[in-house]
Amino acid sequence: MSSDVPLLNDYKQDFLLKRFPQTVLGGPRLKLGYCAPPYIYVNQIVLFLMPWALGGTGTLLYQLDILRDYTAAALSGGLMVFTAAVIQLISVYARSKPVVVRRMRTRDILAEEDQHEFTSCAGAETVKFLIPGKKYVANTVFHSVLAGLVCGLGTWYLLPNRVTLLYGSPGATAVLFVFGWITLCIGEYSLIVNTATETATFQTQDTYEITPLMRPLYIFFFVSVDLAHRFIVNIPALEQMNQILHILFVLLPFLWALGTLPPPDALLFWAVEQVLEFGLGGSSMSTHLRLLVMFIVSAGAAVVSYFIPSTVGVVLFMTGLGFLLSLNPSDVSMVFRYGVTRHRVGSSHEARPGNSGHWFPWKECFLFIAVLGMALLEAGLLHHYVSVPQVSRSGAQAVVGYVLMVLLSIVWILRETQSIYIFGIFRNPFYPKDIHAVSVFYDKQNKLLKIGAVRWILLTLVSPLAMVAFLALDSSLHGLHSVSVSIGFTRAFRMVWQNTETALLETVVVSAVHMVSSTDCWWNRSLDTGIRLLLIGIMRDRLIQFITKLQFAVTVLLALWTEKKQHRKTTTTLCVLNTVFAPFVLGIIVLSTLLSSPLLPLFTLPVFLVGFPRPVQSWPGAVGTAACVCTDSVFYHQMVPRLTAALQTAMAAGSLGLLLPGSHYLGRFEDRLIWIMILECGYTYCCINVKGLELQETSCHTAEAQRVDEVFESAFQREHPQVCSLNEHLENVLTPCTVLPVKLYSDARNVLTGIIDSPDNLKEFKDDLIKVLVWVLIQHCSKRPSTQENKTENTGEASPALPPAANSSPCPESLEDSESANSDWSDGSIFDDEPAIKNRKEKLQSKDLPCTKLPIPGSVDSQNPDDHSAGTGPKNDLYRTVILGLPAVDKGQREDVAYIPLVEFSCSQSRLLSLPEEWRSNSTPRSKILEMSALFPEDWYQFVLRQLECFHSEEKSRVLEEIAKDKALKDLYVHTVMACYIGLFGIDNGVPSPGQLVRVYNGGLPWAGTLDWLSEKPELFHLVRKAFRYTLKLMVDKASLGPIEDFKELTNCLREYERDWYIGLVSEEQWKRAILEEKPCLFCLGYESSMGVYTSRVLMLQEMSVHIGKLNAEAVRGQWANLSWELLYATNDDEERYSIQAHPLLLRNLTVQAADPPLGYPIFSSKPLPIHLC
């Protein structure tokens, strides 16, 4: 990115000057960008000031002592309801009146959609422009009533006498009154006239018109505090809050314009998430529905615990329910469904194999039951027999506190040994040195994982039970019930299981503070242990957020100064301003930390704003429902099960660090990038979302991908790393964690220059093609069920005599043609031909059931059920010559047309390998087939027959020998193989060109008289294309690995293709299916038109090393929050979004890709994936 690229080019500047004032004022469009009549602006000003006029009427009557304060508020509200209703009715009438709006001619294409021609001050087109109206009638009524409430309560809120009582200053009253009513007018205008485009946008589409409610919602909040202060007197804190909020009230327009205040839907989910996590001890959830359900259940648990009379009962209830609520809700529902099913089925469940326990998580279930039983027994006994009502520093609880300190130290040390860097700074001396020696590397890593197993035992079994003992011994549980005890201890007993590692840290901090502080201090005297843990939990979370936000801000500032490509003309100015106003910048960081909202760097420059608070997911839609799917998405789809299995081991051992909802990880292998986000965490499980980023690397993508490779290489691939050396890329948002062995597809692309265009290879290709055709057809016929054998059993009727072939009348539509309409023209039969053939044979058998005329034993049946149904009998069908599809010919040419008379095999078993009758009829001249038959490899043909495994009798070798000597069968294969060969290359037996090979490989046939004959037989066509692709792959292998020595080696090679390879095209559905079924190898041929070369692509399924690194979560949230701003106001010299430009330190391009569509464009996004850490 060059330094002179403007953040806002000309048309974006004009757009900003139109859009931003509209956002600030709540909707009035005072700058249109084209000439409009003055009444357009006058009307908007009148509508904007209408609430002030109505509220001013009530205020004036109150100041003149004509009305009481609440009466004046009611009068203003009533007038506003009437006015809003009239405005909405006018809008409905204008929209129902047909009007032709003519566009104004202009050269500014970008602004055309906003330009209209107005005819009168109160015309329909003017009204529709000023007041767009509501989509729903209910909203029309609701918003009108709501506007009246806002106006009435706002009048009451800003009464001069009331404001003077708060501040005692007429000057302050005047200022707050004027600017306060501007705030009210902004809120009213967006509600009843025209809604502004909000910078704080959460949903991509406002389907239910929630956006107009955003500004009135915050007005109601400010008014509610004032009402509470009015009716609840003698509370100094409430009075001070009311004074502060009155000042903030006049600043609301700027907070709305800057996008600091969240929209209602984001505010709801954020508030529920915060209360669930910090007030009730839960975790953010993977879906909004699970979040709401878990919040209701958790809140209900806290309420129920308040009404339990027995202290032992309270302890047991909190322990048991805290454990159950920390489990994966999906697992709990599975156990419930299993129990209901067992109850319904009863003793008859043995008759249903589908209900067997192979799918049920018995191991986890037994573990949970055992741990829950131990926890309940421990908590009940300790609380009843050991716990004392007095606080003591030398009691049993203090001893347990020391034990928890030791456990925390051990668990943290063991966790840090699993990652490449200790605290992300110093290289771990115990981690394997070099990944180049793969086997040695993984052997050493497995030893570390054994240490991780010790950590898992301490963290999953020992620590929760120790913390339950610490809480059960607390003296606060012996006192009378209070709200603080119910909330605090409900959360504490839940956190023990929900997030054991953070709960362990919080408990140790509380225990340590209690030991070192005085018993008379406010912390120990006024707060019980549950509330202390709650406050420590909030401080812990906010401290982590503050540190990561500060790291993010420093990285943005350093990148602007150190990265040459990020230099701009304003670089020095921005750096100086950030240094001078460092306290102000620090205050912004603190504010965003307190609100748990993203720190938004405008255009990823050190111009920081506070983004609006939002849930951890950052996006409103369901996880995994949106992605820009392409042909490469299937690689990530195949990868997900393997990756989750590898992540399960790494997460359980602690290789990925502290697992918290909202954490982001980046995986890298070959040219693929994986984005992993933790959605929720619980006892022995976490839920993740995996996104796959594009493989088609752009220049910006490549620049950041190279930096990612550098970060991982410096960590894992240094030949002689120093002990405890520093992380060389400490300033980067990516910190390497570990390497995972995952079975994935490696992708190799090669240029076939010198192979596919070699004359010698092309000549050998033609000879090999005939051999492969023979092998494919014999293998196909040997594996399919034999219908002829079924048809010839128990026959006692004599067959009709053979009529001369020359007198055969033209036959009706053949059986293959009748089936072609229902046949599946797909690539599924290339490697999976048996099921397709079986289905076709079943259709043939079902159609042949009514037939009573059976063929001569040893002959080829050619009955047509259509003829039978017509009553014509099979007399002429047995010996007909199929010549359909041929062009008209004269008698001289007629004699050269190939026909197949009745075939009589010398071996009775030959019929098992006979080709279908419809394949043997073709339009190829018989003389040409006879001429080309010399190319048929008879020795190879006999060798393939002798290698068949379809006969299992004791006389297998004798039967195969007889079949190999059957001349009729051989002639049948010669005729069909050579006809297919001619169908591929035409009548002229020339050397094919590379372009011709690629065309046939892709499924195209050269134009010839045999084209229709071959293409009209889908099954045969697919087999021929399969043989052609095998032959081309064989040519590439011979050029790379050397020539084939003998027939046995060739057979083994073809069997390997059949068993382990899929050879086809990337665009075929079978290619995707082969990847999902994990075919060991895949091959594809292509042509690179830009370079003019032929290429091959080979995929090999093998265990690969996937590098995993942890991203700065706040850097991700901040850049995602910045996207809406850039979509509105940013651009660059390529007319692209500014944010997709490469930023090697922030990984800006990759971060934008990982955002949910339409802002981002990942090519794959998984559903929430549960990972069981046990």
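For all residues, glycine too, the Cβ spot is worked out from N, Cα and C.
Within the list N807, N1122, the entry that Swiss-Prot describes as N-linked glycosylation site is N1122.
According to Swiss-Prot, the listed position annotated as N-linked glycosylation site out of N524, N1149 is N1149. Residue ranges 140-160, 665-685 are listed, and Swiss-Prot annotates 140-160 among them as transmembrane segment.
When the alpha carbons of N1122 (N-linked glycosylation site) and N1149 (N-linked glycosylation site) are compared, the span between them is 13 angstrom. With Cβ pairs under 8 Å as the measure, the transmembrane segment (543-563) is packed most heavily against 580-600, out of 72-92, 217-237, 284-304, 366-386, 580-600. Proximity of distant same-chain residues to the transmembrane segment (366-386), defined by a Cβ-Cβ separation under 8 Å and at least 6 residues beyond the stretch ends, is recorded for 311-312, 315-316, 319-320, 323-324, 327, 396, 461, 464-465, 468-469, 471-473, 477, 684, 1174.
Below 8 angstroms of C-beta separation, residues 269, 272-273, 275-277, 317-318, 321-322, 325, 329, 486-487, 490-491, 494, 615-617, 622-623, 661-662, 679-680, 687, 689, 1168 of the same chain, each at least six residues beyond the ends of the transmembrane segment (284-304), sit close to that stretch. Comparing 72-92, 173-193, 217-237, 244-264, 394-414 for CB pairs under 8 angstroms to the transmembrane segment (580-600), the maximum falls on 244-264. Among the recorded stretches 72-92, 173-193, 244-264, 394-414, the one sharing the largest number of Cβ pairs closer than 8 Å with the transmembrane segment (140-160) is 72-92. Note on the transmembrane segment (72-92): residues 47, 50-51, 54-55, 57-59, 61-62, 127-128, 131-134, 140, 143-145, 147-153, 155-156, 159, 188, 192-193 of its chain, located 6 or more positions outside it, place their CB under 8 angstroms from a CB of the stretch.
Outside the transmembrane segment (244-264), and at least 6 residues removed from its termini, the chain residues within Cβ reach (under 8 Å) are 20, 23-26, 157, 163, 166-167, 175-176, 179-180, 182-183, 186, 198-203, 210-211, 213-215, 217-219, 222, 225-226, 270, 597, 600, 609-614, 1124-1125. All protein chains included, N1149 (N-linked glycosylation site) registers 23 other Cβ atoms within 10 Å of its own Cβ. Cβ neighbours within 10 Å of N1122 (N-linked glycosylation site), excluding its own Cβ and spanning all shown chains: 26. Secondary structure from DSSP puts N1149 (N-linked glycosylation site) in a helix. DSSP assigns N1122 (N-linked glycosylation site) to a helical segment in the three-state reduction.
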